Amino acid sequence: MLDLFADSQPWQEPLAPGAVILRRFAFRAAPQLVQEIETVAHCSPFRQMITPGGYTMSVAMTNCGRLGWTTDSRGYLYSPVDPLTGLAWPDFPPSFLRLSQQAATAAGYADYQPDACLINRYVPGAKLSLHQDKDEPDLRAPIVSVSLGLPAVFQFGGLKRSDPLTRILLEHGDVVVWGGESRLFYHGIQPLKAGFHPMTADCRYNLTFRQAGKKE
Ligand code: SIN
Ligand code: FE2
């Protein structure tokens, strides 16, 4: 497939106060990122988590880094141990850390030290309902969110669930960074449309970097 953007420079689109879309920022790193996702999933497999309310999530998830986002009957939590394997989550591949720090810097957030990366896998029909990323104790650090593979419609709202939503098509290599005033803004992903992407076939991956522990 001819990709007209393959050789173009990344560009930025403001999204909200403190939030920016870095279009194609991860395009060049993407082949390595996708390969590393497969390596991580070899140790800590993708699984469809069950929400505290008893619903099986349509998005399959795994994690890497010191802490991993997971669920149990008590709620959502960050754990140093993968409950599926009983072992620590795989370490951050160096390419993950590099890319997330470069993106944070490009978005105006210096000294980004993420310790958690949630890896989401969407197949056609999978979605993520509107939510806030609010399980992190230190809200000064931004969220860095990397899109790979099939495109998806991202919804970005405000501090209230009922605030108006901006809908943005996120494509392969796009990175969204939100922090500061928009750190707790509601967001979600509309059901994925079926398609084929040369790097991920029939799915979309999303890497969500967070600083989930306390910064020393
Ligand atoms: C998330 O909010 O955790 C993921 C967003 C995305 O898949 O782009
Ligand atoms: Fe989120």
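Backbone N, Cα and C atoms are what each Cβ position is placed from, and that goes for glycine too.
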> Of the candidates His187, His197, which does TrEMBL annotate as part of the Fe cation site that also includes His131, Asp133?
Replying inline: His187
>> As a check: which entries in Tyr78, Asn120, His131, Tyr205, the binding-site residues, place their Cβ less than 6 Å from an atom of ligand 1?
In response: Asn120
> In the structure shown, with every protein chain counted, which of the binding-site residues Asp133, Asp135 has the densest set of Cβ atoms within 10 angstroms of its Cβ?
Replying inline: Asp133
> Which binding-site residues out of Trp69, Tyr76, Leu77, Asp133, Tyr205, Phe209 lie by ligand 2, going by a Cβ under 6 Å?
Replying inline: Asp133
> Between the binding-site residues Trp69, Tyr76, Tyr122, Tyr205, Phe209, whose Cβ has more other Cβ atoms within 10 Å than any of the rest?
Replying inline: Phe209
> Just going by other Cβ atoms within 10 Å, which of the binding-site residues Leu77, Leu207 has the emptiest spot?
Replying inline: Leu77
